[in-house]
Amino acid sequence: MLRIADKTFDSHLFTGTGKFASSQLMVEAIRASGSQLVTLAMKRVDLRQHNDAILEPLIAAGVTLLPNTSGAKTAEEAIFAAHLAREALGTNWLKLEIHPDARWLLPDPIETLKAAETLVQQGFVVLPYCGADPVLCKRLEEVGCAAVMPLGAPIGSNQGLETRAMLEIIIQQATVPVVVDAGIGVPSHAAQALEMGADAVLVNTAIAVADDPVNMAKAFRLAVEAGLLARQSGPGSRSHFAHATSPLTGFLEASA
């Protein structure tokens, strides 16, 4: 069970809504993933009507919607988008994204922290997408963010946990949930994130662009479950030396 702010989730896999070939395929993949929290970019939906091609099937699926501010380049733009989302969707939950460079889509740490502090004061439940910076993540936690979402690698790159060393520090010091977001390309990456202590992962591109998104979503669901179970089971510690799993000489001594 994962708790963030006032909500609890059975699934530790969060999913996105971009890059799917159709809305129907998107919903089928989300259902197959078991995800209960789904992000959607405000710039991709028509907030004036609930029969929007993306919004309507998500509402029907009964998932918790996490609107994001993707496309915002400044704190002011993100705050404006957040208020539009709250008014249109009736939720104060928000994935805060501010990335001024469209080529790399890396989060702006200064603008993100500034927007996060303001939005928390305005009553939003803020989950900020941020760099894998332990100092920044701690500052975001201190201003009241409900979770932190450090990147594993650039958005959509499928490179995996390239920031692993920093993620480990973030996880170790965090007192709010840590959701590894961006760069997760295959199910084994998700399993590794849960094994190392992350509370959840957010996956979009790896599922949406797969040859079979529904089966890939199932694979991610199983990987997240396996990673979490492995961590909870207490894996053995690493060693530089070999340790025999059975006696090496007992049968020789017995027959001497």
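Note: Cβ is positioned from N, Cα and C throughout, glycine not excepted.
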Co-listed 1-deoxy-D-xylulose 5-phosphate-binding residue [Swiss-Prot; alongside A182, G183, N204, T205] among G156, G234, G236: G156
G156 (1-deoxy-D-xylulose 5-phosphate binding site) versus K95 (active site, schiff-base intermediate with DXP) - Cα distance in angstrom: 17
For the 1-deoxy-D-xylulose 5-phosphate site built from G156, A182, G183, N204, T205, further residues of that chain with CB within 8 A of the site's CB center: G16, A153, P154, I155, S157, N158, D181, I184, G185, V203, A206
Max pairwise CA distance, angstrom, over record-listed 1-deoxy-D-xylulose 5-phosphate binders G156, A182, G183, N204, T205: 9
Candidates K95, G183, N204, T205: member of the recorded positions with the richest Cβ shell (10 Å): K95
Neighbouring C-beta atoms (10 Å sphere around the C-beta of G156 (1-deoxy-D-xylulose 5-phosphate binding site)): 17
For A182 (1-deoxy-D-xylulose 5-phosphate binding site), the number of other Cβ atoms found within 10 Å of its own Cβ: 29
